[in-house]
Amino acid sequence: MAMEKSSSKYRTQFWYVAMASFLLWLVLLYLFSSSAKTVHNHERLFRQENIIDLPVENVPQNHEPDEAPVVNVVSEDISVDNSSLPVSVDSPPDDQMSEDKKVVTDLVEELEKERVENEKKRVDSVVIGRSSKARRGHREPRKARSSGRLEAEKKRVRRNDADESNAENSDENHQALDKEPNFFEAKKDVEPKKALVDDNDDDLETKRGKELPNDSSSNVVEDDNDDDLETKKGKDNISKSEPKTQRNFVLNKNNTSKAKNRVISKRNQPSRVGKVMLRPRETRSNDPCKGKYVYMHEVPALFNEELLKNCWTLSRWTDMCELTSNFGLGPRLPNMEGVSGWYATNQFTLEVIFHNRMKQYKCLTKDSSLASAVYVPYYPGLDLMRFLWGPFPFMRDAAALDLMKWLRESQEWKRMDGRDHFMVAGRTTWDFMRTPENESDWGNRLMILPEVRNMTMLLIESSPWNYHGFAVPYPTYFHPSTYAEIIQWQMRMRRINRRYLFSFVGAPRPNLGDSIRTEIMDQCKASKRKCKLLECISGSQKCYKPDQIMKFFLSSTFCLQPPGDSYTRRSTFDSILAGCIPVFFHPGSAYAQYIWHLPKDIAKYSVFIPEKNVKEGKVSIENVLSRIPRTKVFAMREQVIRLIPRLMYFHPSSKSEDTGRFEDAFDVAVEGVLERVEGLRKRIEEGKEEIFDFPEQYSWKYNVFGNVERHEWDPYFDRP
């Protein structure tokens, strides 16, 4: 009985709880539906089509006087029926305007303000766009550029340009302009109108006026700079000699005070040939680096350091990260013939090696006014390697064009218009001479850019028909750090026993009709006991192992060096390093290339056999070499061994005091650059109109013999 009462009691309580929960749910449902309806009404009021045809008198009159009426803005393009909106037109605004209508009017006011601001921004952007377009002239936009990383440099350049433009507003320039022809008078009626414009608009109009009427002169500069170079600042070059143009005239009419112009003029003198400092600043008479100082540009990292950081992108088939390690020397190799300092060096890493050697150069200066030459630490070969086999030629040119723009805007460039600058490329010159009319051809256009043609370019192979390209030795496997290592290796080469008369390491070139490699390999096979042949056929790994290659050269008295895909071979320097006398078949393989590093008397260190005689079967290589007297062979070998230091690159960490009296290929190349720049400087100071007084196709002849008279080698260098 007690249990039944207890059960009935709990049942009654349960129903109470259930009923209360149900009532609470109904209340919440009602509140939710009411809130949703309110939100829906507000959303409908905020729709654009529901706020368009509102009467003007219901909008608070708190706009600025110069703003346009709201009804003109919102009713131009859209017409929507707003009859369903709860708006009362006849009721007084202060008494009958609903809360929703106030929200709508506030929104309309906000939209109107936003429209006015956008209109002002649009007008400003159009004016600025026209001004920038006028400054660019007719230059076509570049398809690919690395502008993001050069943004800081661009801002600096704009400030420099502004200073240089203001410099031309000095009183002296005013007087010079008064003597100019009357082609400026066409703009006199425009000047009073410009005086009425505010300062900002005056600056914009001045920029437009100083560039747009100057199309003819800017076209000349752009044509000289290969059309797709950015040459809007080409007038700052050292060669500027044309009369002043409309650009300077308009600037002289602005409201800048003459006193300010005089101060700026003294601080930034215009770059004219007569006033430019061609010679470096004098130092003390007993300065050991006098005339040898070199300044190294601090170019943006994307032109060198970032290429090494992203080394995995340089080649699809080769691990360039490994090959660019150890200052560009590559992986360390075991000692050879008891001498240390051997590395698996790739022939295309010369740029990295040279850069690291320059960091240790004894006459490197941070003061560009002392420098006799300026080094540009750009890695053009590695940069090109990334896109060499790609389908987009413009990507091969992008970084080079950006660098040229950066150089043109530097103060060091303006001193001699870049003629005291030099750069190193670890590839042959043919990789950098793609012509504009053949965009799909191999390589890029670096060597034909106007700026580079003013510079001195160091490559592992130069063109015989080029003013500014000079060849330097290929990197070898030996990079000693001390004087003792050099002497030890030379002594080892003098004592070594050489079993074979001559040897050849290479592959045939059946696709090249004028190649003599097949004939050479046939003659070597015929001289079984006197010739050693290492045929680099497909799949053979011996030709890629430094120790195997050096063993071949160490066992031979003469090493054959016929041309391959190009005139030169890295094998030439590997064989000389091994004390093997080189045998050349074309003067372009060494004699007309490495004019700074090899002796003028070619018979002292090499043998020359005309390739035509080999091709036609008129000569036996074995007979020619066997007839050389033994005493002469010893003398030639001694000369080759003495050449070894000049044809290799010391370890970049080595100091000049560590290597003693020896000069390596780097030292010889820098001396050659300094001598060439000094010659150009003298010709400029003498007022020579032409820097070179001989045709460019005879460059090889002038560099080798000092004249362009007829020579027996002329048939070898007939232009193709």
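Glycine is no exception: its Cβ is also placed from the backbone N, Cα and C atoms.
Going by Swiss-Prot, these are the annotated features:
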TOPO_DOM  35-720  topological domain 'Lumenal'
CARBOHYD  ASN82  N-linked glycosylation site
REGION    114-247  region 'Disordered'
COMPBIAS  132-146  compositional bias 'Basic residues'
CARBOHYD  ASN214  N-linked glycosylation site
CARBOHYD  ASN237  N-linked glycosylation site
CARBOHYD  ASN254  N-linked glycosylation site
CARBOHYD  ASN255  N-linked glycosylation site
CARBOHYD  ASN438  N-linked glycosylation site
CARBOHYD  ASN454  N-linked glycosylation site
Exercise for review: Can you grab the distance from ASN454 (N-linked glycosylation site) over to ASN438 (N-linked glycosylation site)? Cα atoms, rounded to a whole Å.
Suggested key: 23
Review point. Which residue, out of the glycosylation sites ASN438, ASN454, shows the minimum number of other Cβ atoms inside 10 Å of its Cβ in this structure?
Key: ASN438
Revision key, fill the gap. ASN438 (N-linked glycosylation site) falls, by three-state DSSP, under coil
